[in-house]
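Residues or ranges marked as ATP binding site by TrEMBL: A:GLY15, A:LYS16, A:GLY17, A:GLY18, A:VAL19, A:GLY20, A:LYS21, A:SER22. Look at TrEMBL and you will find A:CYS199, A:CYS202 tagged as [4Fe-4S] cluster binding site.
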Amino acid sequence: MSLARIKHIILVLSGKGGVGKSSVTTQLALSLSLAGHSVCILDVDLTGPSIPRMFGLEDAKVTQAPGGWLPITVHDADSSNGIGSLRVMSLGFLLPGRGDAVVWRGPKKTAMVRQFLSDVYWEETDYLLIDTPPGTSDEHISLAETLLQKARPDQLAGAVVVTTPQAVSTADVRKELNFCAKTGIRVLGVVENMCGYVCPNCSECTNLFSSGGGEVMANEFGVRFLGRLPIDPQFSIMIETGRRPTYPEGTLINGQDIATAPANTSSAQIVAEADKKHEAPLVQKYRHCSLAPIFGKITADVISLVQA
Amino acid sequence: MAPSLEAPEPVEDVLSNPLKQKPQLVAPEPEHCPGPESEKAGTADSCAGCPNQKICASAPKGPDPDIPLITARLSGIKHKILVLSGKGGVGKSTFTSLLAHAFATNPESTVGVMDTDICGPSIPKMLGVESETIHVSSTGWSPVWAMDNLAVMSIQFMLPNRDDAIIWRGPKKNGLIKQFLKDVEWGDLDFLLVDTPPGTSDEHLSVNTFLKESGIDGAVMVTTPQEVALLDVRKEIDFCRKAGIKILGLVENMSAFVCPKCEHPGEIFKATTGGGQALAQEMGIPFLGKVPLDPRIGMACDYGESFFDSFPDSPACKALKGVVRSLAENMKLDPGVVMPED
């Protein structure tokens, strides 16, 4: 069983689509890696895999080795900087073209999920994060079944549930919490994503999808509320174009100015420096994102919950 | 045996054998096997002596016998429109409910909405009928009427508790979708809007199979501007092409956001690759328009109100009306009749 070398398994779930499961998975992986843990991501969203795009690995192809399918390496461990390794596996790596539809019915998806859990060659890993499609159907039932059967009880740490604040979204995510209760998967906590957008021009914060819904839901179900994440367009620019996040001066995150350009540096120097940083691995660039410190706290919470 | 990771099953095969599944064979298929799903399975010459013969012979064959019943039930419906997107959370349900409200502004039209998102039904909440239940009579199930001329059907109406999880595998979901089409008394409708879950799986295949015979006008694609969403929408367009569903157009939702304080236009979901318009051009499908992100749309959905009635002068409402008009034109209908100006 390939899961034997993995210490903790965390599922990232949401009943609703497009709330940021994949981006939360990505950030959780980057934060865990920054904290020095070795991390693997398994993307079981078979009909809409986003993880390859998130790491800029759309052209990567999986190779077969005697021990099973080899996951793709995003970056290796760098012990001098205290960064753990990060590897990913997704159906996206197995498709011939990026626009090709995967039209599969349930039984086929079930078989694929099982194969992903048993035939991928994972190395020694601290955390395996499993990114899921929306809903409570074939993929989720198969995941729960297989993990509850095959993983050791101490391996399956639990689920991080993602929601956006509006009622339409929490209504579906409530169903997912009930799914976890029914299948006996522990809920580590709820993350409220896309809560507020700070205008880059005037720093006015607008609640695009209202606010507070995730916290109310977490309290109602008696599960932990891990925190809320604002919308940061710089994060998606970093994902899509590989540019390091930059913020205008005076951008305050938790009372700390995270503006990137010191006033006395000439602009040419900044550009040259920025260009150099394009080559830097994603995990280094993520350090400069305004979401990194917020997610660092969430990650610390998750780690302490898992190890408790 | 698990499917191979190397060669995903060709989409054409899945589409041409919609609901039939390969029977569970006890031995590998012989060299001259006619195919366990084929018409001749179990009866062909090469089947003699094959250990699978009985299994193949008794497997159900031919088209689904319920399809003529569905066609008869839906014969009073003039136009059937699917709302699709490969990606979740881009506003399929929101757009479906807005479209339903827009069509229903003409008191002469009757509109039906069918929610095929079994695991995350959002339509009842958005149309303000979340706590309703359906009534069953000898002639079938009565849909829930959200307005005098707006009928709704969703699994949400059948749940004992609002937050119950629907933990169903594919075949069970297909069964319910079939019942929605076969057993619901839709009556004479001008429009039936079908809201779908994200992806390209059981629900989409079933809707396509069941409605093929009675005719689908086409599908409206919904997307958001960023490439992560376009990537999945591209797959959905590929699916429609292969399934022979006409694409009526692409709508770009959540396209721009104007800061309410300084009126600075910000791109929340940045269109780094040209957004929906570029995708429509690339794929050669009509582009219906961009709908800006307005927090009040989400608010109206949370409270189950009609955004058209509540904020008729907002830019988002004007953009939506433009989208509905171009959609009507693409369906060769008179926009003035579909959505009369008051």
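Start at 1 and count along the chain as shown; that gives each residue its number.
Backbone N, Cα and C define each Cβ position, glycine as well.
Projection of TrEMBL feature records onto the structure.
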residue	record	contacts (Cβ under 8 Å, 6+ apart)
A:GLY15	ATP binding site	A:PRO134, A:GLY135, A:THR136, A:ASP172, A:VAL173, A:ARG174, A:LYS175, A:GLU176, A:PHE179
A:LYS16	ATP binding site	A:PRO134, A:THR163, A:THR164, A:VAL168, A:SER169, A:ASP172, A:VAL173
A:GLY17	ATP binding site	A:PRO133, A:PRO134, A:GLY135
A:GLY18	ATP binding site	A:PRO134
A:VAL19	ATP binding site	A:VAL162, A:THR163, A:THR164, A:SER169, A:VAL173, A:ASN193, A:MET194
A:GLY20	ATP binding site	A:VAL162, A:THR164, A:ASN193, A:MET194, A:LEU229
A:LYS21	ATP binding site	A:VAL12, A:LEU13, A:SER14, A:ASP131, A:THR132, A:PRO134, A:VAL162
A:SER22	ATP binding site	A:ASP43, A:ASP45, A:SER50, A:ILE51, A:MET54, A:ASP131
A:CYS199	[4Fe-4S] cluster binding site	A:CYS205, A:THR206
A:CYS202	[4Fe-4S] cluster binding site	none
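Under the DSSP three-state reduction, A:GLY18 (ATP binding site) is assigned to coil, being neither helix nor strand.
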